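Visitor: One structure follows; several queries about it will come next.
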Amino acid sequence: MLTSGHLHAALHAAGIGLNLGWYFSSGSPLIAVRGPIRLSWLIQGWYFSSSWPLLAVRGPFRLGWKEIQPARSSEGFAVSSTPCTLLRGGIADTKNCCKTRHVLALMGFLGIANVYAMRVNLSVAIVTMVNNSAIPQVNPTANESNVCLAPILNSTAPQPDGEFAWDEKTQGLILGCFFYGYVLTQVPGGRLAELFGGKLVFGLGILITGIFTALSPLAAKLDTWLFVALRVIEGLGEGVTFPAMHSMLAVWVPPLDRAKFASYVYAGSNFGTIISMPLSGYLCSLDFLGGWPLSFYLFGGLSVLWFVVWLFVVYDTPESNPYITTEEKVYIQTMTGQYDHTPRRNIPWKSLATSLPLWAILVTNCGQSWAFYTQLIELPTYMKNILHFDIEQNSLLTSLPYLSSWWCGILFSLLATSVVPSLGFIAVALVGCNREAVTLLLVVTGAFGGAVYAGNQMNHMALSPHYAGTMYGITNAASNMCGFLAPYAIGLLINGKETLGQWQKVFYIAAAVNIAGSIFYALFASATEQPWSYQSQEDKKIDTRSEHDIEPELFYRPVGTMPLGTNLEVQEINLGVETSMLVAFETRSKRYSKNRSITNPLFQHEQPPHLRYQRHVECALDQNHWLQVSRCALLAGSLRYVAAFSLGWGIKEDGGVRGTRLEGTNIRNCVKGGIIGLVLGIDIGTTSVKVCLVDCVTRQVTFSQSKDTQANVPSDQGSEGNKQDVPKIISALNNCVSRCPKDQLKKAKCELYKSPTTLSLLCFSLFLFRSNRVVRLGICGQMHGMLLWSDRAWDKTSSRREVIKDSVSALYTWQDTRCSPSFLSSLPPPQSHLTAYSGYGVPTLFWIARHKPDKLKLFSHAGTVQDLAVAMLCDLKEPVMSVQNAASWGYFDTTTQTWNTQILESAGFPVHLLPRVVKPGTLAGGLAESWYGIPAGTPVGAALGDLQCSVYTTMQPNVAVLNVSTSAQLAFIATPDFQPKQVADVSTVEYFPYFNDRYLAVAASLNGGNALATFVKTLQQWTHELGFNLPQAKVWERVLALAEGMGTKSSLQVIPTLLGERHAPEQNATVTNIDPGNLGLGQVFRALCSGVIQNMHSMMPREILLDNNIEKIVGIGSALTRNKVLQQEVEHWYQLPVQFVAGEDAAVGAAMSVLNV
């Protein structure tokens, strides 16, 4: 039996001062281990409930921790699914003073200002709309005869009266009916914003309100009930605006800035009121168009104008905004993404309905809203009919409380929010006809009432961060019912009795309702998170949030259970996620049967064979509640996570006795095959460099960045040469890596603490993982290109790596055609099944040796640009090249994996320049020095081919992968027993080395997305020549739309081989079957897309795929996944099931491939 004494002894022996305690739930013990804050310890423990154990993991807390709650009822072993994340620090924001999210805040501010301007203008306009002399008045009683005397005016002109004989009851209905619609669309507005984007919902809400506001004067003159209906529709439109803006702020604004941005945006409500009231009063005093309709026309028209601007300057997400800087986009994605992975939960409606703290918020909100809407809607009427202000004075003075609220609200506490405004209403009633005192008191009341957003309006987050949005919708909908209840009640009270005494009753009622709500709030409000927040009826799990993190980390939330005796097949091991301390397993459950493991059939089809190891880890919970691991290996692919941090694991490499307690060194052996943290993938392409960070556990890309190299330089061979400036390529690489989140570039550091072996019942092993950072680098690039460099051709500047310009040659790319067919025919035939073409490394070196032999004397090494990058990062004296890149250079025997040294030497080739060849997946070395925070010694894999890496993440048995980016390739894995003939064959299908000694059958065309890009660039040039400039993005958008609209047929035929093909270098592009009816822009582009795929089909026809049992095509590459027309042509030409997958590029493949090293 495990005792607290054993734990104390073990922890003490390990030199770790931890607190330990027993907790009891249903008579079962909980072992909780808590650590010092300064060490950022993981809170962890076993939960025992009934006979089923539950392993719980809690995250590190920088400034404090939260004690683990006892498990009330659990069944089985906790399995976690989606990671629950919090804010990540250390990401640099853009230095620009005006950020795109500031544009959102400004437009949101103006939108909310419009919303409130249209909401309150009727409160002023109705004063001049109503014909008070036509309304029958009830004679006041003796107690109600104290009517304020009107001031003596110099003018003897009669005050104008309105055209509508609406009594006070009707006025109350008209003023309040807006809120009938407003209440109904608040909750749906949030959901619509989630489904269709906040931009559209927010914008259309204001547009609809603006249009019907402009139509209001006409409706009022036609029929009172029509006017009421329009006001209800306006309320429906405005009801979606606040939830939609909440949705957009959540996407656009980092958590630490949300309160500030929300204050800026929602300040528009006071600003709109301040502008609307005096301006409406001034417009109502004019004779033009009757005066009062002008305010409806003005604010309705401004809303339509605002909507037009909103459409063009605001976007739903940072990813969809074409004008956002990369720095700001990465900053927003990183900071907001930490909050966006919380699993969905079923809302505990019963718990919400019976929660007194939630009722406290609802009741006090209703009280405050009653007072607020009394002031907002009815104050202008009081100012005119009782205090006898004219319309201009009325509107100006009525706006003063909102001006004071705008500036002073944030300075006051919760007490000021509730009590002081109520006292202000009582004081207004008591001062009676003193106009100056009433005005001053209303200003003070507004100032203190503005603190509402700093008080109970924020209380939802304290009760439950998980359900704060739902609770806000409930309380806000309830409180806004006062928007029609208060005016309606006031109309009933005042009806026919426009006296000071009746209005005093109005203010007394408002104060009483507000104070009653405040008292209820004081009695039953709470700032403590409620039990139903983290333990609902359907989801009885342990809450893993921290409350005081400055740099919160990544956690795994336990969800789901599985019975005792269930085996877990472990696909992933992760030690240290972010800077937390976790041991996470990606798992799939399976039953254990008589020492026999049942293979999970799902796993057979979800991941390609090269991502699977033959061994697996079996975890079982025996009757003594010990976790046992029978074998140690890493498997890729997953469905779930098990977040596990164990005390006393039973671990053996080859089975062993159940329950055996082993030393911590065996735990180290167990996880030795797994990679901990993130992998940096790099692809050095023809036109750009891309880097990405891949999480070792989830296999998800956590960050990506690309940059155009703009490295092309004039060639000595004119159009036949294609060279690039290497320092520019390396500079682009540095630029991309420097933009990676700094907190993810540090390598994971692991320290192992072991308890003494003398403890018979417990071998305590504790891993402290200080960070989860980049732990390996995978690099790939253009396969066939070649460059030369001398010893120590690079230097370190700060954390950068730079090549010395005079120590490296230009990069001769795969597009270089200096090796003419006649020159290639003069070379000796290679001992290889692969033909050597122009642009390949060895033929290019042959050309330099024959035409510029002195140039070779300046350099000591040759390789691809990715080989140079590896040699530079690892400071290799002798560069290495993977079999993949060596085969793409020519004169390489893939069966023996050696260069054709004898053939090359006999032809006078400088064989000393050839790099040493290693198998794909070999580690070339470690970082010689730290690189943008990645520590020295971090392993770097030998550079791979971009072709193999681009298909790596999607390639599966019986699947062909079509990659269309700059060029185009169609590839599938050859059968395991395939061995190529060692005779060079000029064929459209070539066989390049892949992984695990397999071959990749490839049809590689030089013409892909580059042909389409050339066509679009030509169109843009034509528009320039015709006298107007059209951006390429607009040209792309238009040609794609035209081509999609015309279907899948075009009689025009285009063969877009602008660069020829390697097997047919003299082949030219052609356009045939031209007639007057097929020269439309859409038809031409459709024919061009069809020609790209037809050309690929001629190189690897459908029959070859069927002969090799290919059942499906997976389409990747930016030129294909973004082009619907090209996708349709793939389906048309190949007549096979096709799946298009975006985001799977060579950089991701480079990272994924090095995981299995």
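Using the three backbone atoms N, Cα and C, a Cβ is placed for every residue, glycine included.
Taken from TrEMBL, the feature domain 'Major facilitator superfamily (MFS) profile' covers 100-529. For 200-219, 225-252, 264-283, 295-315, 352-373, 404-430, 437-454, 474-494, 506-524, the entry in TrEMBL reads transmembrane segment.
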Visitor: Select the range from 200-219, 295-315, 352-373, 506-524 that forms the most Cβ-Cβ pairs under 8 Å with the transmembrane segment (474-494).
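Guide: Out of the listed stretches, 352-373 contacts the transmembrane segment (474-494) most.
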Visitor: Which listed range (295-315, 352-373, 506-524) shows the maximal number of Cβ pairs under 8 Å with respect to the transmembrane segment (200-219)?
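Guide: Counting Cβ pairs under 8 Å, the winner is 295-315.
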Visitor: At a C-beta cut-off of under 8 Å, are there same-chain residues at least 6 beyond the transmembrane segment (295-315) that contact it? List them, or none.
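Guide: Same-chain contacts beyond the flanks: 103-104, 107, 110-111, 114, 117-118, 121, 124-125, 199, 202-204, 206-207, 209-217, 276, 279-280, 283-284, 289, 321.
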Visitor: Can you give the mean pLDDT for the domain 'Major facilitator superfamily (MFS) profile' (100-529), rounded to a whole number?
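Guide: Mean pLDDT for the domain 'Major facilitator superfamily (MFS) profile' (100-529): 71.
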